[in-house]
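Data block below; observations after.
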Amino acid sequence: MAQIAPLRVQLIAKTEFLAPPDVSWTTDADGGSALVEFAGRACYQSWSKPNPRTATNAAYIKHIIDVGHVAVLEHASVSFYISGISRSCTHELIRHRHFSYSQLSQRYVPEKDAQVVVPPDMEDDDELQQILIAAVEASRATYTELLVKLNAKLMAGELGGNRAVLRRKQARQAAHAVLPNANETRIVVTGNYRAWRHFIAMRASEHADVEIRRLAIVCLRRLVDVAPAVFADFEITALADGTEVATSPLATEA
């Protein structure tokens, strides 16, 4: 029976800042937050922090977001390894063109034992889940049958070697046409701070699909841990149905 995969978002990389020794400047932050401040101050050579209202890293970053100088947010980045996400959801995710992606390949990795991601609206309904699982298992049986027949067809006359490997890939590529969007996939996503803010603003909205909204909320919580000054203006609240959204008065980029 197909197993259900829970959403998991793991931080796997973040920006490290190395202060140049010939610049007389210090900050109370590190990593990407320090880099963002450094980039902003480099524009005006304001190393002495002449404005006391922006002397701290948090105050400086809030100011640059307030005034729309968000290009400096592009210097720092975060990478996540995301699992327990459906193919359907990643079709939406990859529309965010400022991210970089590396996703599990259905051509190279057999899908007959892949886990399933249950749509949020079915999570509290056993009957709907049983219908979903039955449909998934039926599609996998068809996938397996097609794979066997395609392998036999494409491998006819092949004696092994690189062409045999290619034929197996071609068989998987053709057979996966019947696999459901509920199949779990896994993906590495890298984005700069500006791109992550845009993603959160768009996908943590009440108007977004619930699965990708849930992903955006989990990513936001991880991002706040990495760079609180950059992401803490987003407020997470619960809707009447128990799902969560995140909003910020400073998230103005559409």
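From the backbone N, Cα and C atoms, a Cβ is placed for every residue, glycine too.
Record check, Swiss-Prot: dUMP site residues include E92, L93, I94, R95, Q103, L104, S105, Q106, R107, H176, and the candidate from R53, R203, R214 also listed there is R203. Residues 185-192, 194-195, 198-199, 202 of the same chain lie 6+ residues outside the motif 'ThyX motif' (95-105) yet bring a C-beta within less than 8 angstroms of a C-beta in it. If you take the Cα of R107 (dUMP binding site) and the Cα of R203 (active site, involved in ionization of N3 of dUMP, leading to its activation), they are about 29 angstrom apart, rounded to a whole number.
Counted over every protein chain shown, other Cβ atoms within 10 Å are most numerous around R203 among the recorded positions R95, R97, R107, H198, R203.
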